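K.L.:
Here you go, one structure.
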Amino acid sequence: MEPACRKDKPKLNSTPTRGDRARQKSAQQEHKQRQRAEIYALNKVMTELEQQQFESFCKQMQSQGE
Amino acid sequence: MTGPTSPSRTGTSSAKLSRHGRSKSTSAHCLLRCAAREESAASSPNNGARSPGEEEEKDGGVLFYVNRTGFPIEGVTWERMWSHVAVVHPEGQEMADRIRNAAYLPKHHVPSVPTFKPSMSVPDWLVSIQNYMKALQYNHTGTQFFEVKKSRPLSGLMETAREMIRESLPIKCLEAVILGIYLTNGLTSLERFPISFKTQFSGHCFHHVVLGVYCNGRYGSLGMSRRPDLMDKPLAHRTLGELVAEFESSYKRYQHTLKKVKIGLYVPHDPHVFQPIEWKHLVLNAARLGAQEMRKELEKHGRDMRMKVVCVCVCVCSSKKGQGQHEVSRYYRSHPLSSQV
């Protein structure tokens, strides 16, 4: 290839920069933190549900026993 | 442990129900929800080949999901978790949306990983580990966040334990066993071995697993369960039979009948070992053995583990039945036990 052509050929830059990688990592970390917060909020609700169901079943069994 | 806990919901599409295959029995079945799926999930040969929509595992007749794609949890698994809870919870989608759309959610404290100090006694260390697992919480979401394949080499399972610590999310009973092994590695005066239970309640079978521990002539356990008396037990039981009897007594409070007990072998303390954990070195059919025979077999197994029995394969058949069914199956293989009792 002629040197002049090489200069005109557009330079492809598909390699993410260090800054891009850092931003990506930070975004991923935030995403994980949000997921974790939602999981624990959900787990609190589902734990309470399970406890309520267990208690009502125990009462049911108790009243049947009587 | 898990079981069919989900209350019926009006308005739920039949397509959704059949897809999830979820039991909509009443709370009569929800005394305990145990982890049958932990055994079936780990041993199923088709796990890896399933599409995301088919990754349900069975747990006492109730399906549950497993996150197999790491963290952050990818879209399909994430949406599936929310779809499931929207079906299970009486407030349904409203509950799910309330959490998902919340602008602010409290940040759940990341519990500090326990660190062993030479001044700590073994019982204190076990309490510290159990408190850590309790701080992670028992996972009631219906989606298991860490994939545990019981046939994996110990080294691979220890990597999963590190992931559990790194991600700090709720766990279930099988995950707790793996985590318990990881956190007790190196404490060579303490032996660890899995104890699996199969119980029955109202025609349904339930599975559960805890980490048995042995130190200085006493047995105890670490673990996680929906019920507080089916997880950790103090290092106070003089024999393995006593420990298992304690669990059986706890199960009876919930009207569960013990059907089978499987005791594994001591787990090596070297976290880089390539061999898998031995989960069922001794299998006892509690339905066929009397209480005394059970205790006798358990105490013998406890002695054998302590005596480091090598390379004997024994299969004991019941003389009563004459049908070739086994009350007791015992396989002894050489086991590189690392600690002295």
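One is the number of the first residue shown, and numbering goes on along the chain from there.
Just so it is clear, glycine is given a Cβ too, placed from its N, Cα and C backbone atoms.
TrEMBL lists these features:
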REGION    B:1-57  region 'Disordered'
COMPBIAS  B:1-14  compositional bias 'Low complexity'
ACT_SITE  B:Cys173  active site
ACT_SITE  B:His208  active site
ACT_SITE  B:Ser225  active site
K.L.:
Roughly how many Å separate the Cα of B:Cys173 (active site) from that of B:Ser225 (active site), to the nearest whole number?
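P.N.:
About 6 Å separate the Cα atoms of these two residues.
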K.L.:
State the Cα to Cα distance, in Å, between B:Ser225 (active site) and B:His208 (active site), rounded to an integer.
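P.N.:
Their Cα atoms are separated by 8 Å.
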K.L.:
Just name the winner among B:Cys173, B:His208, B:Ser225 (the active-site residues) by count of other CB atoms within 10 A of its CB.
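P.N.:
Result of the Cβ crowding comparison: B:His208.
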K.L.:
Taking DSSP as the reference, which of helix, strand or coil describes B:Cys173 (active site)?
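P.N.:
Helix, per DSSP.
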